[in-house]
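Chemist: What Swiss-Prot lists as active site, nucleophile is 484, and the listing cites similarity to another entry. Taken from Swiss-Prot, the feature active site, proton donor applies to 546. The feature N-linked glycosylation site is assigned by Swiss-Prot to 407, 490, 672, with sequence analysis given as support.
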């Protein structure tokens, strides 16, 4: 076995056998000598030495039964009746393909994906193998692009399909990643939900046949996240094998898991085939989004930590990826649409007095001829409402940013809310350009929340958004943008329109975030409707959910952490009774849950907060700022889950292992009963730790015996600091 070009010692090639190695993972496949097909040999713990190759099966004298083998890139029409990774409608109308191995290329580092978000790294971080396939009958070629991040136990794959023939074809289905795992009992874990209850984990047995999920909303959606985990039934948070797959894409997607008749399990992630049908004329190429695949032999927690580190280090491009985030106050749940210059200056002064560092003006600030005083009008008219802001934004923003923050040498920062991808029919923009809204022929345009979707596949729409955002951000001292989206895509001119939209959207994001690198951008889609790796490429944080109830947020944020780092989560203290659930919870619980997010803030009107709670907020802000660096960059350990325990617990360990913060909660009262111990994980068993100043205690004691706390009421919470001696 030889190392080609010395590429990070991560990619080994021996003839037509390929081995991709991470620190604790190996991904192996080979070319079948008889068929030229790629066959998967292993995806799991690291292996050394010769990799045994399974021969083509022999069944009653028939050889090469393709539905009985592990295939690396299964096409359609040649006897593999399982889910294909590729389906091409050829010029003649059929969907048969015959892609065979041609050659390979090795690359230092990792190439960009044209027009798509993608992981990145230098040649010290990542190595790339490109496997070239060709269909000799249609002259269609496929490049399978594998990038290995050894320190993260991650394999990243995308696919490029090129029509080198003379007739047009159509790509009907294309998966970014597909893998066949050997026969064994497995379970699949996914994140399901809806508006205000995103990212609830669902774990179920992989049965014979096909099971899956996806989104046809045009976006990744509240309903299902583009993430999949596979694990053995015995796998826990800390023990056992787990495979994680995360699609770096914001559009409609499909994930399928199929256990075939022979017991092999195939996982396929990629475009949703109902919204593709991508035409390829001769010479044209379609490139899939990439999919990140990680392997862990330390349970689901190990899988999550690999994804978290990779996304923080090699996906999020923003300078704020691991930078401390300013504590913010957002006006939405405090004022809703009832904002003007007077109310914003008032709330700014009250925020600064509490120690808030950033004031965000949410919806309701724009619209001239069609004022944005409700959700019925104004979207698309991105100029300040002259009745509410008679002097424009700049004088008000100057006054706000001149305010000194209490207990700080800093001035208050200012941020603003926008929803650039949408338009109200009651707007000057729609009156001038109704053709800019997505539509399907003469069919009526379905409104949701009184709004339509602009067609970001159109160059003129892209330029409109880039230009007005450039003007807005240049008009005043704006340090933060909350970019929202509040409906899905219904009518489109063709199935391909949703991916064309994505390409236009990514172009807009890339242009604006490159043009304004000092702005902190936050993604939002009615909460977590676009909480996906594609958004994280450009926006380092996302509003996790419109549900700000502390108890619900424990489920939502811990569910989201299966795939996404806490650094990406926006979480706020809101007023009680909560506006979504009607529940009343203590301020301490609301604050402690919000501190588990990378972007901590408040979502209320300070003038409506009781004097008792207002007196506590500065202390809680100080605690949040102490916690924030560890939450942003530390390794996260889910010690107990809210679905399984009345006492959910989460732990973060700083990168240098010197600091630990524990979040511990009680959901229901515990009457006349002993309390469980919470056992920490990931500590140095031989080291000594101080726990909130007490001790020291050994790491072994803290992990094996644990800590015990009691709560007097339901909705109890505690934040505990440990320091390594």
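Glycine is no exception: its Cβ is also placed from the backbone N, Cα and C atoms.
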Chemist: Suppose we draw a 10 Å sphere around the Cβ of the residue listed as 'active site, proton donor'. How many other Cβ atoms does it contain, all chains included?
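Modeler: That number is 22.
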Chemist: Least buried of the glycosylation sites 407, 490, 672, going by other Cβ atoms within 10 Å?
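Modeler: Counting other Cβ atoms within 10 Å of each of the glycosylation sites 407, 490, 672, the minimum falls on 672.
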Chemist: Quick one: Cα separation, residue 490 (N-linked glycosylation site) versus residue 407 (N-linked glycosylation site), in Å?
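Modeler: It is 50 Å, counting Cα to Cα.
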Chemist: Round to the nearest Å and give the CA-to-CA distance linking residue 672 (N-linked glycosylation site) with residue 407 (N-linked glycosylation site).
Modeler: 43
Chemist: Can you name the residues of this chain that are 6 or more positions from the residue listed as 'active site, nucleophile' yet have a C-beta less than 8 Å from its C-beta?
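Modeler: In sequence order, the residues whose Cβ lies under 8 Å from that of the residue listed as 'active site, nucleophile' (at least 6 apart) are 363, 417, 418, 419, 524, 525, 526.
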Chemist: Could you state the CA-to-CA distance between residue 407 (N-linked glycosylation site) and the residue listed as 'active site, proton donor' to the nearest Å?
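Modeler: About 30 Å separates the two Cα atoms.
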